[in-house]
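For reference, TrEMBL has these:
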BINDING   D50, D325, H329, D366, H367  Zn(2+) binding site
BINDING   D50, H161, T163, E320  Mg(2+) binding site
ACT_SITE  S100  active site, phosphoserine intermediate
REGION    432-460  region 'Disordered'
Amino acid sequence: NLQFRVHVFLSVEEENPEFWRSKAKQTLQSVLDRKLNTNVAKNVILFLGDGMGITTYTAARILKGQLQDQTGEETVMTMDTFPHVGLAKTYSVDFQIPDSAATATAYLCGVKTNLNTIGVSAATHNGVCRSQKGNEVTSILKWAKDAGKSVGIVTTTRVQHATPAAAYAHSASRTWYSDADLPDAAKTDNCTDIASQLIENIDIDVIIGGGRKYMTPRGTKDPEYSLDLSSWGTRRDGRNLIQEWQSMKTGKVAHYVWNKTDFDAVDPEATDYLMALFEPGDLRYEVERDPSTDPSLVETTEKAIRILQKNPRGFFLLVEGGRIDQAHHAGRAYMALHEAVAFDNAIAKGLELTKEDETLTVVTADHSHPLTFNGFPFRGQSILGKSPLWGTDFLPYTTLMYGNGPGHKIINGKRPDIRNICGSSDLISSAQQPPRFAAGPNRDHVRTPAQVKQGALTPA
């Protein structure tokens, strides 16, 4: 029976040694036929899979294939097709395991810093406003804007979250989303919140994500969730940053949208600026997203590129699959892997809309998670299923496990019996080396600290 379960997924050709040797020859020949791209990149797109470590990447590859009725293991992700790949070690100045704030400052600003701090050097201490003054560091978003390029941010989290914030803000704390989050000491020392810096620091052409409630005065009802008090505006200074942003764009074609209908109506060819905030906080997980009301990451990435690429001097775009990380923090592998598949689909759209001879595309992660892949599952077995092996306590276990997190359950000295569970959508950060992929001009200049031919725009 076990032998049947293994072979049922194998094709006859896979039993022939020449099948594998032929594939190896094809791969080698494709590398030999590759032409060296010596152009200077006009455009740069940085795709950041937050928390997308090697295990997540591997499991997502299998899931993507299984969603297409394949066994999954042989699936080729869009990321797999990049000509250059490498690993980057990651840590913050003060911790072995970094967070998304410290890592974003590293790869966007080229400067390692302390945990929980954004757009500042390590001379800034977490949560200490006065230590921030004079220690701000600039990002590639500013460098691109200063060079006359258009710039944009697309994320599945709130636009004030750690990764996108490091592109435009300087803050001793990643949690200072609005002025309501600033402690009294920070206000006394004249630190400003991240949301206000979003519209003040850099003239960003495209801003897409969530985070409406940090932009409006306290008590402002959300247009989508008017009865949900937690979705209402949080600002205590009375400022409406959305209206301020619109006033700042007088004379330009600038659109603010918060729903898919208005988003779809935005004509990229006739648009100079776009701010799209689809949720009060983070966007919905991909598997919970309503396609009729919320655009996908593929759609938001496409809209951003079509707006930005009108600039003859080029553009820089940061695209973050931010909810991969958040799902892992919650111990929800099902959600995390579907987020990673959606992220890979967005990468495919980015490649489709740009020319490789003028666009440097980099895909990377900022850190990993303690997700393990174990149990010798059979070929083609659901990546979200159970191992065919049982533990020493004579109970089955899932193929994917977390080394720590909220899923830990021991009752009377025993773990849960999952023998009668057929599947689950709910099966936390790690310093595992994140993968990095690069394609396009200048990709040989993109290095990891180990100096392999791929990496972040700056050392992580």
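Think of each number as a place in line: the chain as shown, counted from 1.
Placed from the backbone N, Cα and C atoms, the Cβ positions cover glycine too.
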(message) Return the count of C-beta atoms lying within 10 angstroms of the C-beta of H329 (Zn(2+) binding site), excluding that atom itself.
(response) 16
(message) Neighbours of the Mg(2+) site D50, H161, T163, E320: Cβ within 8 Å of the Cβ centroid, same chain, sequence order.
(response) L48, S100, A104, T155, T156, T157, A162, P164, G321, G322, D325, D366
(request) Could you check which of these recorded positions, D50, S100, H329, D366, H367, sit within 10 Å of H161 (Mg(2+) binding site), going Cα to Cα? (result) S100
(message) Applying a 10 Å Cβ distance cut-off over all chains shown, what neighbour count does T163 (Mg(2+) binding site) have?
(response) 27
(message) Given the binding-site residues D325, H329, H367, tell me which ones have a C-alpha lying within 10 Å of the C-alpha of T163 (Mg(2+) binding site).
(response) none
(request) Would you list, in sequence order, the recorded positions among S100, H329, H367 whose CA lies within 10 Å of the CA of E320 (Mg(2+) binding site)? (result) none
(message) I need the least crowded one of these binding-site residues (H161, H367), counting other C-beta atoms within 10 angstroms of each C-beta.
(response) H367
(message) If I take the alpha carbons of D366 (Zn(2+) binding site) and the residue listed as 'active site, phosphoserine intermediate', what is the distance between them in whole Å?
(response) 6
(request) Measure from the CA atom of the residue listed as 'active site, phosphoserine intermediate' to the CA atom of H329 (Zn(2+) binding site) and give the result in Å, rounded to a whole number. (result) 12
(request) Tell me the Cβ neighbour count for the residue listed as 'active site, phosphoserine intermediate', meaning other Cβ atoms within 10 Å of its Cβ, over all protein chains shown. (result) 26
(message) In whole Å, how far does the CA atom of S100 (active site, phosphoserine intermediate) lie from that of D325 (Zn(2+) binding site)?
(response) 9
(message) Using a 10 Å radius around each Cβ and all protein chains in view, which of these binding-site residues has the most neighbours: D50, E320, D325?
(response) D325
(request) Mind giving me a neighbour count for D366 (Zn(2+) binding site)? Other Cβ atoms within 10 Å of its Cβ, every protein chain shown. (result) 31
